[in-house]
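To start, the structure itself, in structure tokens.
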Amino acid sequence: QPVALPPSLFPSLPSKVSEDEFQSVLCEGCRQESPALKLLPCLHTLCLPCVSERKPPGQCPVCQTAVPPASGGPGMDNKLFSNLQARLSIYKKILHATHLFCDNCKTEAEFWCCECKEFLCTKCFEAHQRYLKKDNHEAKRVAAIRAGSAKDFLEGTRKANNFFCSNAAHANQTLSIYCKKCCKAVCCVCALLDSKHGGQHCDIRSEIQQRQDELAALSQDLRKKRSSFEVAHEALQGKAAHLEQARSKTRQEVRQRVEQLVQLLRREEEELLVLVEKRWEQGCHALAGELQRLDNVLRRMEAGERLVQKMRLYGTDREVMDMQPFIKASLEELRRLQPPAAGGLAQPDGDFDECRARLQAL
């Protein structure tokens with residue numbers, strides 16, 4: 001019997017349908033929320049169960065890119081997605097809860113403070129505004145949050161995620177300086193008192209902006225390069241279709257000629273059909289491997305674009321500082337990749353020349 005071509009052998013690119021923007025912060029394996037998400041070098045994000053159960057082992061289950069073993073586990077913590085999930089859970093609670101209660105006095109809540117991450121009644125809100133006014137805490141009405149979008153909520157809570165000095169003596173100091181010598185963020189007190197930081201620092205905002213700009217530039221370069229991969233992917237799909245057409249045409253020629261011969265030639269007919277299938281399968285495997293590789297690269301590029309977009313829109317300062325070098329290295333690796341030349345592959349028709357030669361000899 002002829003071997004049927006599996007539908008998944010030549011996968012199409014993901015459709016460009018408009019997905020829920022915040023579905024992309026879920027695990028890309030099981031599509032579930034998880035408090036512990038890992039960002040792999042291929043820029044796909046998976047929860048720990050999906051990472052540990054991936055098959056084959058040592059590969060990303062989304063794009064089959066090799067994941068090198070590491071002592072601290074594969075990839076790095078995707079703090080951006082984990083924090084976005086936590087902030088979205090608060091938004092969903094505000095949006096869908098029938099009654100919200102003040103975290104202080106348990107009466108009905110009318111406000112929510114993104115700095116304190118607490119719900120407040122009117123009375124507690126007035127005290128909150130009086131005592132924390134100098135700290136620039138901004139409490140918003142629950143009704144106003146419900147009237148806005150999830151994107152508005154995430155943008156509004158982004159500034160509430162400043163990170164503070166790890167030195168216990170001045171733990172309330174915001175990390176506002178970046179030491180280029182130590183390659184880490186420090187507060188003003190550390191920069192003044194610790195001589196090792198002298199003359200080697202800059203404003204943390206400029207460093208963060210530079211890192212965001214680097215990621216954006218890399219993403220822009222990959223967006224331009226992606227079109228060449230898409231062209232190569234489409235060319236391979238065209239060759240796969242041409243291979244299928246050549247197979248069908250050759251089968252028809254074989255049957256038409258062999259049916260004219262006597263029973264003695266039936267064995268030759270079967271041998272020719274087997275050879276056709278063999279050449280077709282060889283062609284399928286040759287094209288499928290390269291097509292799968294291009295498909296995986298394109299998936300990584302999509303993941304990189306999506307991650308950089310989320311980092312620019314919603315990434316906190318700490319997330320940018322922690323994750324940018326890792327993401328940058330992965331994006332630079334993608335930028336070094338080159339698509340195969342579309343004209344460098346053999347034409348599928350040539351795979352059946354031996355079959356036609358034997359058929360002509362009859």
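Cβ from N, Cα, C; glycine included.
Nobody curates TrEMBL annotations by hand; they come from automatic prediction.
Record features (TrEMBL):
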type	residues	note
DOMAIN	27-64	domain 'RING-type'
DOMAIN	97-142	domain 'B box-type'
DOMAIN	160-197	domain 'B box-type'
COILED	208-278	coiled coil
How about long-range neighbours of the domain 'RING-type' (27-64): same chain, 6 or more residues beyond its ends, C-beta under 8 Å?
73-78, 81-82, 85-86, 89, 292, 295-297, 299-300, 303-304, 307, 323, 326-327, 329-331, 333-334
DSSP on the domain 'B box-type' (97-142): how many residues come out helix, how many strand, how many coil?
14 helix, 11 strand, 21 coil
Within the domain 'RING-type' (27-64), residues counted as helix, strand or coil by DSSP:
5 helix, 7 strand, 26 coil
